[in-house]
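Structure first, then comments.
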Amino acid sequence: MDSPEVTFTLAYLVFAVCFVFTPTEFHSAGLTVQNLLSGWLGSEDAAFVPYHLRRTAATLLCHSLLPLGYYVGMCFAASEKQLYYPSQTPETWRAFLLLALMLPAIACTLIYYWSRDHWACHPLARTLALYALPRSGWQAVASSVNTEFRRIDKFATGVPGARVIVTDTWVMKVTTYRVHVAQQQDVRLTVTEAQQHELSPDSHLPVQLLTIRVASANPAVPAFHIRLNSTEYGELCEKLRAPIRSAANVVIHQSLGDLFLETFASLVEVNPAYSVPSSQDLEACIGCMQTQASVKLVKTCQEVAVGECQQCYCRPMWCLTCMGKWFASRQDPQRPDTWLASRVPCPTCRARFCVLDVCAVR
């Protein structure tokens, strides 16, 4: 392929990926289906269910048009190929054009099926119909969902492509093409996985993401998974009526302090160990009085300057957890990105030390 063809292909590929997965920059620029078709979609706050009935249909149609958009663009980017005359184009391009035309045709057929009988065939409407009373329809359930979504006390989190919403009665997950709904009174929630991510856009501390399986007692309601930050776990539990079970070996860090303690411990493990003289016996930690003292402060930096680390002459008196809690308690809660690089006074002699000075006792 020549240069204009390559340039357009790469540019369109980037645009298509960003249009489907919508990063923050595209949201800020308004290049989303929700923003471009806001006049037809209406307001999510005013009518949650009708909004998402139309949004999922519009999203499916817009995304199905992307291959056709690429073909039309290539008609101008590679005009020498005469792609605007399908009968004269190579077999490969004719096959691509056929696929590009079939996708929106299939999408339109599916959307037409969904919209029959006032959207009664839409997957969201069919799920809501499972919770309808014998003499009422899914619209009555949708009205209840709309009312609860308008309340300010709902729990809402997640990125636009995977939002989690919990109201007084409903647990919902809003994705690009679908809205999962389950009623709180008959769901079983299980934390199936806890993933630790070392990089955070807001701080140098790790982020723990929890995966929770939401399964309804009604077998006709498909189960789904929600993901959220572990720091939001407590708020989620307050909104839920049903308890959340945890799978074996899943440890949940519900606060920033929990995440810091884990990072603090991992850094101490790579520091040089401190060998206790044979004549010295280790006593119980003076912080918790429950475990044996396990760390010693040993100055590692060589330069002596104002505000830098100082030598601590205290014997091992603290366990790793208590020392980590002391270190965290001396930090600015609004600046977690500075915690690991800061220096704090020894809890006993007040000599200043950093994380690199905390050595495990051997």
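For all residues, glycine too, the Cβ spot is worked out from N, Cα and C.
Residues or ranges marked as topological domain 'Lumenal' in Swiss-Prot (evidence: sequence analysis): 1-6, 78-94. The transmembrane segment annotation in Swiss-Prot covers 7-27, 57-77, 95-115. Summarising the annotation, Swiss-Prot assigns topological domain 'Cytoplasmic' to 28-56, 116-362. Annotation source Swiss-Prot lists zinc finger at 285-350.
Across the topological domain 'Cytoplasmic' (28-56), the DSSP tally of helix, strand and coil residues reads 19 helix, 0 strand, 10 coil. A Cβ distance under 8 Å defines the sequence-distant neighbours of the topological domain 'Cytoplasmic' (28-56), meaning residues of its chain 6+ beyond its ends; these are 18-19, 22, 62, 114, 119, 122, 124-125, 128, 142, 145-146, 149-150, 160, 174, 176-179. Sequence-distant contacts of the transmembrane segment (57-77) (same chain, six or more residues past either end, CB-CB distance under 8 Å): 4-5, 7-9, 12, 16, 19-20, 33, 37, 40-41, 83-84, 93, 96-97, 99-101, 103-104, 106-108, 110-111, 114-115, 122, 176-177.
Predicted-model confidence for the topological domain 'Cytoplasmic' (116-362) is 87, expressed as mean pLDDT. Applying DSSP to the topological domain 'Lumenal' (78-94) sorts its residues as follows: 10 helix, 0 strand, 7 coil. Using DSSP to sort the residues of the zinc finger (285-350) gives these counts of helix, strand and coil: 13 helix, 7 strand, 46 coil.
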